[in-house]
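Annotated in TrEMBL:
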type	residues	note
COMPBIAS	1-14	compositional bias 'Basic and acidic residues'
COMPBIAS	44-54	compositional bias 'Basic and acidic residues'
COMPBIAS	56-69	compositional bias 'Polar residues'
DOMAIN	86-203	domain 'PX'
REGION	1-69	region 'Disordered'
Amino acid sequence: MDQDSHCTAERELLEAVSRITTSSTTSPSDEEENQPKAEISCQMRKENPEKDDTQDSSATVSPNSSMTTKELQEYWRNEKRQCKQIKLVFEIPSTRIVEHHLSKYVMYKIIILQTGSFDSNKSVIERRYSDFEKLHRNLLEEFSEEMEDVTFPKKTLTGNFTEEIINERKLAFKDYLRLLYSMKYIRRSKKFIDFLTRPELQEAYGCLRGGQYTKALEILLEVIGLQEKLTRGNPVAIVPTLCAIVVCHKDLENPASAFEYGEKALSRLCVHSSHRYYIPLLETMITLAYELGKDFLSLQEKLEEWKTKKDPIRIFTLKELAVREYVR
């Protein structure tokens, strides 16, 4: 990219940041100003409040001089997207009672929507009381001060399956998720994100390991949208899921779709060449590009450049890496 274009991209980014920081209508930061003391204590407690943002966002690295024009453009687009605050709302419209062998429990249907515009990619998950209870225990361990004023619906010895109790818990869990999400350090925590995504990802990777690529792909495509919303400040976090989608498409003989998702993953790693997925992804993309009749020489050059800089080490294939994710 020439100097003028580079400067233009940087100027657009700065303007985007300026617009967002002056806006006060839709971003979660407005809520944070009026947070209960749990959130205030969280912010007071941190020695360096900027550290959280630094850890969560890997996109603050300066663009690499060896990046192509297309990669630089994608890099700056991602940078601008990370500046835009996303606010999620949680709805629990329905429940169902599950009877399995000797156990009986209620599954709560959770719909997660993005506010500010029509969200055609709403996420739908199901969790039971014990899942919420485990999340609460985990958060208390890590965020004792922040969770100080957060109440959790208690278990009852009887009446857990009455319509009255179930409806009360629907409302309580909705408010509970809303409050957790309103607290910056909690909504960015691995424990909170895992609660919303891990069961589905575990199922998807289990299907992938079992060769059920169609089923795995279906689940992965459902969860990737929610992951993107939850990890907005850390685009690298969804690289494993994107690569798993590449593996599924490739094994289902959909090279064009595999290449499309591979490009998305590669754009998130363009300044992270030391990432464990970088080289396996590059090798896969070279194979796909050759198969599709696309330019693979630039990808090959990146691979050779990396090899000259790094000591020879064992590199797993993309599929080998994918099947190792979420192994219990």
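Quick reminder: no glycine exception, Cβ is built from N, Cα and C everywhere.
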The domain 'PX' (86-203) - residue tally per DSSP class, helix then strand then coil: 52 helix, 31 strand, 35 coil
Across the domain 'PX' (86-203), average pLDDT on the 0 to 100 scale: 92
